Structures are given as C-alpha cells and as structure tokens.
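Below is one structure, written out as structure tokens; comments come after it.
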Amino acid sequence: MRIFSGIQPTGQMHIGNYLGATRNWVNLQNEHSCLYTVVDLHALTTLQNPKELHDASFEKVVELLAIGLDTERCALFIQSHVKEHTELAWIFNTLTPVAELERMTQFKDKSKKNKKNINAGLLTYPVLMAADILLYQPDKIPVGKDQVQHLELTRMIARKFNQQFGHTFKEPEVLLIEEAAKIMSLEDPKKKMSKSDGPAAYISLFEEPEAIRKKVSRATTDTGKEIRFNPAKKPGISNLITIYSLFAEESVHDVEKKFADKGYAAFKKATAELLIEKLEPFRQKKQELFKRELYIQEILKQGAKRARSIAETTMQDVRSKIGLLLPN
Ligand code: AMP
Ligand code: TRP
C-alpha cells in the first residue's frame, strides 16, 4: 500500500501531536511504502518571516528524523523541491468550484481569525493539498479529523478529472488517525494541550530534562490525593495518567494500581522521569542531526528525487490528457 502525508513546517511538536499524529507516520513506514513531505508552500498562506520559515523547514525535517523516520524505509522531502505540486494545483484550480472552497471549515476559521490576510492562497489551500496527494497515486492518507474535509475535496477533484479526461487518478482513502487520547494542557486540564497556550501548558518533544521536571511538578492537579482516572472529576491527574500510560505502554488500570498508595508528588515525579527517559533519545538525536547539515541535505535530495520520479510520470499523463502541446 502506498501512504502519503504532509506536515506544516511551522509549529512545535509537543507530546500531544506526537501521540496524536507523527508517531503514526513512524509506525506506518515499517509496513507500507511511505512518502512524507514538509509543506512549506502551504505555510505561505499565513504571514511568515522568511528566515524563520527557512529554518523551520530544516528543523521539521530534523525533528521527523529524530523521532524515527527512516529514509531507508520512506521518502522524506520538501514540497517546494518538487515543482509538479504547483503545476498540478493550477490545473486543479480550473476544475474546482469556488463555492466548494468557500465552505471549507479551515478556510472559514482561518479567515475569521486573520481578517487582514484573507489571500487567494488561503482559499485554494485544499487544491494544492489535492495536488500534493494525487501526484503520487497513494492508497491511504493518514491525517487527523480536521483534514477529512480536505480529503473529501481531493476525492471529488480526482473524480471530476477522471470523468472529464479519462481515468487518471486513484481516489485515495483517509486513514483517520484517531487521537490515541486527547492530551490536555498542563495548566488547564480542561483544554487540549496546544502550543498557543504558552510554554507551561505543553511539553515539547525535545524538552530539556530540567524543564520536564519543572513543568510536570507544576502541572495543575485536583483536590484529593488518590491516583484515580476520572477525567470529569479529576482532569489534572487523569491527564497525567494518560500521558504515563501511553509512554509506558501500560494500561490506565495498571498505572492506577502501580501508584495506588503513592500520592500526587511521587506520581508526578515518576511521570517526569518516564518522560525524560522516553524523550531523551529524541532530544539527543535532534541535537546530533542539527550538526549534520550536509547529511540532511543529501536525505532531502534523495527524497525529492524519489518523489519527482513518481510526480513526473503523473504529470506527463496529465499534460497529454488535458491537451497541452508537449515540448520536443
Ligand atoms: P497540530 O499540531 O495542532 O496541527 O495537530 C496535528 C495533529 O496532532 C492533529 O490532527 C491532532 O490529531 C493531533 N494533536 C494535536 N494536539 C493534540 C493533543 N493535545 N492531543 C492529542 N492529539 C493532538
Ligand atoms: N493540510 C495539512 C495540515 O494542515 C497538511 C498537508 C498538506 C497534508 N498537504 C497534505 C496532509 C497532503 C496530508 C496530505 O495538517
């Protein structure tokens, strides 16, 4: 089976979106043929500082490798390195009704949040995403539920193209990444962990041990002292139990049993030490990879080469089907 997915370069990886998303990318590469891309062109739909965008793309690649993507088993590339993405997006633009784009939830949300920058790219964002995907004829697309609507549009574009020009694209299916569990904010455990709530609310996947100790020990907990999983009544402790259980790969019940007579302080300490143990290899790998710029460049070169070889074949077919005069 061929798998394709993309991630934005900007935005910190924290334990929430790791457990909810990128961990799955790592698992999938063992059994399937996977292509993963850092979508720098998509990031341009919101205002970016050029230097920061440049550095974030490199850093995201480093981070994906640090958490275990293995380029012997998957292709990892930067979206803008394969020109066919923008070419196919243009062609798809001419097939996509504006009304379909205007009803996309993400477009509505983002234009509401940022009224000063409702650019055409924000509207056609899902068309570029459809091009990303369909270029590679993948079977499944692992994404979170916020992207399902975009996947439906992708399938609609594939169908429309096929009807108009003859069968060209496979209609890919969503591989819905169910959040292993929703990881909540350390400060306000009634809210989802998100980097926008400030550093005390989340633990980065590459956090320093001392910072992990501090953040976990300061995490909001509930009254009482029992280590009991009850998200409604004890959201703080329940969140820590979830985190512990996922990283230790032990059931919630086993975690409750293990800490039955231990009290909050001891449980928090154990959670911090577990996180340090599990995250330390990621942090070290990231530091090490950061220094190997040439190696990363080579990985990206190979990744783009592999991606391009598939994308070029698709595009030749597309150009000829839609009636472009081909160069000699
Ligand atoms: P984001 O980094 O917010 O763009 O989210 C990327 C993916 O990670 C989403 O599709 C979610 O499924 C997942 N995710 C983000 N935050 C969390 C969280 N706090 N807990 C669990 N999964 C999350
Ligand atoms: N839109 C996706 C997100 O915000 C990122 C993305 C771009 C993507 N192109 C893709 C995901 C192709 C899967 C496949 O998360």
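Backbone N, Cα and C define each Cβ position, glycine as well.
When Ile133, Ile183 are compared with the ATP site residues Gln8, Pro9, Thr10, Gly16, Asn17, Gly144, Lys145, Asp146, Lys192, Met193, Ser194, Lys195, Ser196 in TrEMBL, the one appearing in that site is Ile183. Closeness to ligand 2 is met by Asp132, these being the binding-site residues among Thr10, Asp132, Lys145, Ile183, Lys195 whose Cβ falls under 6 Å from the molecule. Closest by Cα distance to Asp132 (L-tryptophan binding site), from the binding-site residues Thr10, Asn17, Ile183, is Thr10. Of the listed binding-site residues, namely Lys145, Lys195, the sparsest CB environment within 10 A is found at Lys145.
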